[in-house]
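**Student:** First the structure, which I've put down as structure tokens, then a few questions once you've had a look.
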């Protein structure tokens, strides 16, 4: 079983619970305020750990975020490859969560997340090789260089390009990616950046059109929010479509849904017992989708990610009813 490296961001998340997402020029009082450890990279590392995987988180944190590191360690993440820059400020996220719709709006301050370089990553990647996985997001500097180095070392690469920035196709070597995980909006933006002209594509049709452009990838996963998940995977010259329906729940906070999905998907895929590739994919999509449905019923980011035991308990309770 290969090792999992997450070269990703860490943030101090400041949550503002508001009646609705603030509009331009509007001053709005929040109903509640709290601070949590977060960042897409950190959240995905915690999701991997809670899903039962050993995950190594690499990067740089500010001196004001030692408590974030300690929180991640408490959740089971190996932080031995993360440097603390005492004189620098850590990344922060200012998150509005709507009481009305439970949607969120996020403003990011990059802090130490903007100080990563390929040179730093080279030392870390010397400890990994073929059979290992690296998971990346788009909240740090030097991400493209890190991905190229990982590919040179023979690592499999899962990429969640969030936030999706203009020119991302030039920055990151998409031909080196093993599995790409995006939401429907990101998939549509990538399709347009690739020159796609069909404006009404959605769901599996959008995934199919995008996957044709990425013929070196093993898999493409598109999360659809309340409409579930679709995916395309290829293995040994066989191509397979996947559809996983949404699970109807009482939504409180969607902040960590995507990160929960990505972490659980990779953990399940890497640790799956089945030797049938497509069975592993199906199981991984279903478990990740189910874990994400549990996370949105709680407020917060890391704290909302369910443990593997919780996922199994809730899954068993549902299947027994059926």
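Every residue gets a Cβ built from N, Cα and C, even glycine.
From TrEMBL, for reference:
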DOMAIN    2-307  domain 'Carbohydrate kinase PfkB'
BINDING   11, 12, 13, 39, 40, 41, 42, 43, 139, 259  substrate binding site
BINDING   183, 223, 224, 225, 226, 227, 228, 258, 259, 289  ATP binding site
BINDING   253, 255, 295, 298, 300, 304  K(+) binding site
ACT_SITE  259  active site, proton acceptor
**Student:** Across all protein chains in the structure, which of the binding-site residues 11, 183, 304 has the highest Cβ count within 10 Å?
**Tutor:** 11
**Student:** Measuring C-alpha to C-alpha, could you say which of the binding-site residues 11, 42, 139, 253, 300 are within 10 Å of residue 259 (ATP binding site)?
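**Tutor:** Among 11, 42, 139, 253, 300, the ones whose Cα sits within 10 Å of that of residue 259 (ATP binding site) are 42.
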**Student:** If you measure from the Cα of residue 300 (K(+) binding site), which of the binding-site residues 13, 40, 183, 224, 228 is the nearest?
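**Tutor:** Closest by Cα distance to residue 300 (K(+) binding site) among the binding-site residues 13, 40, 183, 224, 228: 13.
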**Student:** Near the Cβ of residue 298 (K(+) binding site), how many other Cβ atoms are there if near means within 10 Å?
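**Tutor:** Summing over all protein chains shown, residue 298 (K(+) binding site) has 15 other Cβ atoms within 10 Å.
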**Student:** Cα-Cα, whole number of Å: residue 226 (ATP binding site) versus residue 139 (substrate binding site)?
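**Tutor:** Rounded to a whole number, the Cα-Cα distance is 25 Å.
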**Student:** Quick one: largest C-alpha distance among 183, 223, 224, 225, 226, 227, 228, 258, 259, 289, binding ATP per the record, in angstrom?
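**Tutor:** Per the listed residues, the maximum Cα distance equals 17 Å.
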**Student:** Does residue 139 (substrate binding site) have same-chain partners at least 6 apart in sequence with Cβ under 8 Å from its own Cβ, and which are they?
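**Tutor:** Within the chain, residue 139 (substrate binding site) has Cβ neighbours under 8 Å at 8, 9, 11, 39, 40, 41, 91, 108, 110, 113, 162, 163.
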**Student:** When you average the Cβ positions of 11, 12, 13, 39, 40, 41, 42, 43, 139, 259 for the substrate site, which other residues in that chain have a Cβ within 8 Å of that mean position?
**Tutor:** 8, 9, 10, 37, 38, 91, 93, 301
**Student:** Among the binding-site residues 226, 228, 300, point out the residue whose Cβ has the most other Cβ atoms within 10 Å, with all shown protein chains included in the count.
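**Tutor:** Within the set of binding-site residues, the most crowded position is 300.
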**Student:** Give me the long-range Cβ neighbours of residue 255 (K(+) binding site): same chain, 6+ apart, Cβ under 8 Å, in sequence order.
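**Tutor:** In sequence order, the residues whose Cβ lies under 8 Å from that of residue 255 (K(+) binding site) (at least 6 apart) are 13, 15, 38, 95, 97, 104, 106, 300, 301, 304.
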**Student:** In DSSP terms, helix, strand or coil for residue 183 (ATP binding site)?
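**Tutor:** Reduced to three states, the DSSP call for residue 183 (ATP binding site) is strand.
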**Student:** According to DSSP, folded down to helix, strand and coil, what is residue 139 (substrate binding site)?
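**Tutor:** It is coil.
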**Student:** Mean pLDDT, the domain 'Carbohydrate kinase PfkB' (2-307)?
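**Tutor:** Result for the domain 'Carbohydrate kinase PfkB' (2-307): average pLDDT 95.
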